[in-house]
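Enquirer: What TrEMBL lists as region 'Disordered' is 1-95, 689-729. According to TrEMBL, the compositional bias 'Low complexity' annotation covers 36-50. The feature compositional bias 'Basic and acidic residues' is assigned by TrEMBL to 74-84. Annotation source TrEMBL lists transmembrane segment at 122-142, 163-185, 232-255, 522-542, 562-584.
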Amino acid sequence: MASSLPPGAAMPAAFPHPSSNPPSPGRPPLDHQPNSQASQASTAFQSVQSYPNDADSPPGTPRQKLLGVPSDHSLSRDNSRAESPHVQYATYPEEKKTWMTTPPVKDDGELKPWVPYPLRPWFWITFVIVLVAAAIGLEVALHFSKKNNGWKTNSSITTDSNVLHYVYTLPPVAVAAIVTAMWTWTDFEIKKMQPYVDLVHGDSPPHRSLLLDYTRSNNFFVWTRATRNKHYLVALASLMVVLSLAFQPLAAALLDVRSTWWELPPMDLANLKHLGLNQNQEFSDLTGYASASVLYDIPSPPFVMNQYTVAPFQIPTDIQVNGTVLYANTTAMKFDPGCQPLKVNMTQTGVGEWLNSISFGSCSLTWQVEREADFLFGTNATVCNPQQPPQFSPIAFWFFNYVPTAQASATICQPTFELFDVNIQFDLASQNVTSVREIRPFTSSSNFSSAAGNITGEPLNGRAYNGIEFNLTEPVDPFVAARRQALQIQMAASVFQQARESPAGLSASFDQNVFVGLSTKVYLNYLTLMASTVYFVSPPSTELNTVQARTVMDRVFLSDTAVHLLATAMLLLAFFSIIIQFFHRQDRRSLKLRHEPGTIASAVSIGGQTEMGALLARVDAGKSDDKEIVKVLGEKRFRIDPQTMKIVMEGEDGYEFARSPGFRRSVFNIGGRGGDGVSGSRLSRRFSAWGGRGGAGESEGENRLPKSPKSPLNPGTPRNPERSPGNVV
């Protein structure tokens, strides 16, 4: 019977007996529909029940009877076919398109969509946390770098030729390279997925999907192309790659080794001498050293500087010498030679003989010269009234010249000293005092004053030795007398030697009073040198002096500029990374890839068995270029079916149903869309209860009334008595 049906006709409908149970008004499951040629050709109109009193149902309703069928021909309770000699056939318009081209992928609840590692929450959240923590850590480290004046480092590390130099400079660069690589990986995955994201949004032209490959473009220029395609997340991610390229040079500039003035822990050092009078009557002959220091600019010995002679202390040997300065509070003597010029009274007593005299307060000096040489000089103590010990008397430097005429010059010097508590700076490399700062005058309550009484009191009473006269007793030791004479001659000889080597010359020195300045300089050097042996003595027991040492040390600092720039760049990358990841997650929410894209196998699985694949199959890969592919694809539009993850081409069956919700529509228009990204129109078509087609905009489960059946027989046409009632459905 089925083989004799006319085209477009359905099997005749059978009517149940009024007493039989009516069928369920709902639609039976799809997999329980009859698998027959009639069901494949058109939909059989089933399940109607009689109105009361066997009245005909209104036409165009679900309970409409087939025209021309008597009401007493109904189905029995056991659903047996009605015995009717006449059969009426119903026809429906032929469907032009099927509602689904490819069966949906069954979601068994175990498989998860494939997402690249850099786009997974655990990855990018960790990445952002690391960036923010690193930026904050850099700023905190910079604060402590300034507060602690850098960090100690090995001296070998600071040498560019040493391997350790590269060991400590490479870690920041390596960390920056890892951060850059992580974001470059993220950017690559975003670019690789962009064609699929565009396809799943729907209506994607070839140049934004099938022909798109951002991964092969230069990162410095790809963002402009992405902007033109309105792929703003790709453009922003590419700009962040360019920003991350600055991480490595900035990291290389983070650490800066500087020679820093560093304070070492305090040290307790023993005093070698303290203030006290040396009762030895013999002064050491220091005039030669004083003369040499003036003539040849020889630096002063340790603990002597200009007018000051400082109490010496032990010099440490277990610390770095170069660049190390010791700071100590100690005692010092400050000398003033008290030199000034005097007019010489010259009286010629004979040929080449002159009697010279000077007067200074209650003191005077007379000396006579004979022309044994053109230039004569000497140093003598003056005679004072009332009489005072010669070792405390003022001294006179006198000079006499016969060329071109007889000339005489005299300088009187009356030395004095003061005692001070001082703070000194002692350079360990040069072994010299470089600075003396007076704190207060020295008193009996000052530190290290136990032996200073014989200087401030008897026998000195604060007076200074002149250094060229001794308190000698008879008989005079001839060796001591010879030393005294040598001191007097050598002192004046030093001044004479300097005057002769001065720019003015020896003769002009008499006219310009050059001898005053030279005498002052030589005599002051002599007094300070003599003081270290005359006015300082060794302590009877160990005296400790707390000394603070500071040295020039290589220390590692953080560069302010590099830290601020790198921290800012990291925070910018972290901020825009959050934005990119959040919006990209929304963009790809309907993309349910089951495997990693990018391989040939993946491409074939997505688009190989589609009309797009058939379209591209026309291109001869061995003889055609990219232009041929572009020409074949033309102006067509493409999208990915979010259920099957197959590429569907515009005009292909199912294209209009492969829709994915936009961001706002998926959130605010849930009633018209499927919750999992499948459009409401598709669900309406799948679960429509009766013969109507689900279309775009239909809600899920919407009941649509069936269309009125079309009969191939005109009304009044006699029914075919030859058709068997057994064929009625």
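Using the three backbone atoms N, Cα and C, a Cβ is placed for every residue, glycine included.
Note that the coordinates shown come from a computational prediction; the quantities given were computed from them, not determined experimentally.
Give me the local environment of each listed feature.
Expert: Remote same-chain residues near the transmembrane segment (122-142) are listed as 175, 179, 182-183, 186, 254, 558, 560, 563-564, 566-568, 570-571, 573-574, 577-578, 581 (criterion: CB distance under 8 Å, separation of at least six residues from the stretch ends).
With a cut-off of 8 Å between Cβ atoms, the residues of this chain six or more beyond the transmembrane segment (232-255) that come close are 138, 168-169, 172-173, 175-177, 179-180, 183-184, 186-187, 190-191, 194, 214, 219-220, 222-224, 226, 556-559, 561-563, 565-566, 569-570, 572-573, 576-577, 579-580, 583-584, 587.
With a threshold of 8 Å between CB atoms, the same-chain residues lying at least 6 positions outside the transmembrane segment (522-542) that come near it are 270-278, 283-284, 286-287, 289-291, 293-294, 300-301, 303-304, 306-309, 311-312, 333, 335, 337, 339, 395, 397, 413, 415, 417, 448, 450-451, 455, 464-465, 467, 491, 494-495, 498.
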